[in-house]
Each structure stands twice: as structure tokens, then as C-alpha cells.
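Over in Swiss-Prot, the protein carries these features:
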type	residues	note
BINDING	104, 105, 120, 121, 156, 157, 174	S-adenosyl-L-methionine binding site
């Protein structure tokens, strides 16, 4: 993985030595001119857009906030993502989430009992995920099962999908796509994320290796207005008001 330049900041009360360890681990080079900043606070690691401070920080939190609410009060196995990967009574597929992002869908699947391996190639996003996992693993309530079911591999999906063993039943893809939704959360996250990583220009190339790896199905999450990944029509789909989960059979 090549090095990435980003402004690295440590707030008062945070361990000052932790930032240099983090930079070395993830191949980050501090650039004080960068508009993107990775900020170590006493509580967590955050990504901030320095020229738009009102956007606040983006961070991964598996313990509290929206994911905790979704785990406790969401649709459970009735959630569209659960239906899409094929969760049924007595069947919990092993899943590779090849475009992990902030890990939301991966966490939902892990909370339902699936073993999920997240792949994330961007070192800044991987660092945020790793920080969220570390705090989640330490939590008394979710830590025991989270450690067992949700893991992270910092790698390019294009290469990792050809090397993962054993083969999972499901490969899950949610490549970044320009959002039309105007919700505050989506706007904030998309603006910060697209400033950091840009669009997934090579996303079309993920479908074939994903279908070669999965033993049961590939699930591709798309906005309802988006064309199929790689222009290949899905064999089935699970739809919601704003998204669809396109389903593809493996390439045997």
C-alpha cells in the first residue's frame, strides 16, 4: 500500500505518542497543508474537513449512536441487507464485505450472527474502522461477539478477492456512488469521503472476482437510480425505497 498524505492532529488529552504509531502502522504522512485531517481525540479517531469545520468529525462507532439503535430496534433478520445475503433460520452465511467504508452494513450482519471480514483499501478509512473495532472489542456488551464475528483486512479488493481462503458464501459490494439524497448525514459523509477517496472508478472490476470467490451469491448495493454494476443485469434484487440489492450467482 502506498503512503497517503493527510494532516495529523492530536487533541489535548489524547496520547501524543499514539499518533506517530498510528501514522507508521497505516503508512500516513503528515501534511499540514492538507484540507483533510485525521484527528486523535481523547475518545476516538476522527476524520475532519478543515475548510468546512461545521461538518464535524466522521468516526466509526459500533457501541453507541445510530448503529446501537439499529442493532436494538432495527428490523433484525427482516432488514433488506439480511434478506439480500440470504440469512434464514439456521443459516448465517460467511460474508466478505469488499467495500467496507464505515462498516455499517458489515456490523448489522455481524450483529445478526454472520462472520464478516471487511476489506478496505484506503488507509485513512481503514484506520477509522480499526479504531472503531478496537473500542467495540473492549465493550462489555458487544465485545465478546464482535471480536469473533467482525474483522478487518487492509487490502485492495481487486487483489484480495483472488486470495481469500476459505471462500465465503457471500461477497458484499457497496461501491461509492454519487448520492442524490439530500439528508444531512449523507451530504456530510459523502462530501468528506469524496474529498478523501473520490469515486470508486474501478468498481466495475470488482464484480467478476467477487463472483469467482463467493460460493452462494454476490450482493451489490446500489441507489435505486443507478445502473447495474459493470452494466451486467442482476439475476434478482431486494429493493427498498431508496436502494436495491442486486443479486448475482457465483461463477463456478
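Glycine is treated like the rest: Cβ placed from N, Cα and C.
Here the binding-site residues are 104, 121; the one with the fewest Cβ atoms within 10 Å of its Cβ is 104.
Residues 104, 105, 120, 121, 156, 157, 174, recorded as binding S-adenosyl-L-methionine, reach a greatest CA to CA spacing of 19 Å.
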